[in-house]
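Have a look at the structure below, then the notes.
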Amino acid sequence: MSHPKCRKCADKCGKGKASPDVLAKLEAGFEKLENSNSTSMLKRFLTRELFDKLKFKKTSFESTLLDCIQSGIENLDSGIGIYAADPECYQVFADLFDPIIEEYHHVSRTDKQPATDWGPSTTFGNLDPKGDYIVSTRVRCCRTMKGYPFNPCMTEENYKDIEKQMQEVFKGLTKDLAGTYNPLTDMPKEVQQRLIDEHYLFKEGDRFLQAANSCRYWPTGRGIYFNKNKSFLVWVGEEDHLRIMSMQPGGNVGEVFKRLISGINEIGKTINFVSNERFGYLTFCPTNLGTTIRASVHIKTPKLGADMAKFQELADKYHLQIRGAAGEHSESSAGIYDLSNKRRLGLTEYQCLQEMYDGITEILKAEKSAK
Ligand code: ADP
Ligand code: DAR
C-alpha cells in the first residue's frame, strides 16, 4: 500500500526495501554508534545482528530504520535515541522498539494498554490552596491523526492538511474552550518568543528533533491554538501532530484535568486519533506512548533542590520526573522545578493523574519539613 501524500512514496524511492543510499548511511551511522561511548538505549539495544535484520526494512509509508535512528546517531548523548518515523514503525521495527519501550515504561511484551479512563476528575482538588509552593499546573496529551506519517516522512502538503483540518475543528470550540488559532507563519518573532518565555508555546526544534528531520518546511503547518485566558492550548505540527494541553496558575489539578478532558473529547468528535491495544495512543517518541499524559507542576522546592541526589531519590520513589521550568533539557531557576509523572504507558489517564497528585503531595510534605 502506498500513501500518495507521503514524501517517500512521492519520491518513488523503491518498493519495500531501503535504497543503496540509505543503506550506506545506515552502515556509516551504525559504525559511528558502535565505536562511540554513547549510553543511549539505541546504542544498548541495537546489536549488529539486529541491525542487519532491520536495515533493509521499510514501512508502507516508506519509512526506514534510518528515519527512526538518525537523531540517536547524530546526538550520541541521547537518552533514548530513536523515534518512530510513522505509526507502523512500532510493528516493522518492533525488535528494536519493544525492548526500549519495555525498559523505559517498565512494561512486558504481553502487557496491553488499559482502555482510556479519565475517571472522576472531581477526585483531584487543589494541591496548594494557599499558593505558597505551586506556581502553575499543566496536563498535556499527544495525539496522532490517522493516515499521516510522523515528521521524518511528512510532506509539506501533510503539514498544511493537518493544520487546515485543525483550523476547522478549532472554529467549533465553544464556551471555556473558545479561542483563536495562531499559525507560526503569521507570527512576529517577538510574539513567538514571548509565548515561549511564558511557557505557552513550544521552542523551535531542539537538536534532537532537528536531527530527526522533524523541522522540515518550518514554520509551515505549525501553530498554536489557545482560548481567551490561555488555559486550553493545542500545539499543531511540533513533535507530534497534536499536543493538547490545559494549564493555569496555582495547584488546582482538578480544574486543569477537567478542562483537558473536555477539550480532548471535543476534538475527538471530529479527528480520528491513532491508537492500538498494546501501546495506546501512538506518538513520535516512544517515551510518550500510552496515555501520552504528562501532568506537571512548576513548584518552589528550594530546600529539596539544595540536595539534588536526595531530591532525585524522592522523585524516583514517587515515579516523578524532575525538569527545569523552561521545559525539557532546561535547568531549574530560582528554586522552581517542573515535576511530572514519569509513567504514562500501562496505566490509565486517571492513574497517571493520581500518581502525580500523590507524588506531589509527598514532595510538598518533604519540602515543608526540610531543614
Ligand atoms: P512537554 O510537556 O510537551 O513534553 P516541555 O517539557 O518542553 O514539553 O514543556 C513545554 C512548555 O510547557 C515549556 O515552556 C514548559 O515550561 C511548559 N510547562 C510544562 N509544565 C508546566 C507547568 N506545570 N506550568 C507552566 N508551564 C509548564
Ligand atoms: N532526544 C530524545 C528525547 C526523548 C524524550 N523527549 C521527547 N520526546 N521530547 C532522547 O533520546 O534523548
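Cβ atoms are placed via backbone N, Cα and C, with glycine included.
Features of the protein shown, as given by TrEMBL:
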- 22-106: domain 'Phosphagen kinase N-terminal' (DOMAIN)
- 133-370: domain 'Phosphagen kinase C-terminal' (DOMAIN)
- 136-140, H199, R243, 294-298, 323-328: ATP binding site (BINDING)
Tell me the Cβ contacts of V139 (ATP binding site) under 8 Å, same chain only and six or more apart in sequence, or just say none. M245, S246, M247, V253, V256, F257, L260, I293, R294, A295, S296, L353
For the binding-site residues S136, V139, S296, A326, which residues place their CB under 6 A from an atom of ligand 1? S136, S296, A326
Close in space but at least six residues away in sequence, with Cβ under 8 Å from that of A326 (ATP binding site), the same-chain residues are H199, S333
For the binding-site residues S136, S296, the one whose C-beta sees the most other C-beta atoms within 10 angstroms: S296
For the domain 'Phosphagen kinase N-terminal' (22-106), give the DSSP counts of helix residues, strand residues and coil residues. 51 helix, 3 strand, 31 coil
So among the binding-site residues R243, R323, who's got the most Cβ atoms within 10 Å? R243
Could you find out if DSSP has A326 (ATP binding site) as helix, strand or coil? coil
What mean pLDDT score does the domain 'Phosphagen kinase C-terminal' (133-370) have in the model? 96
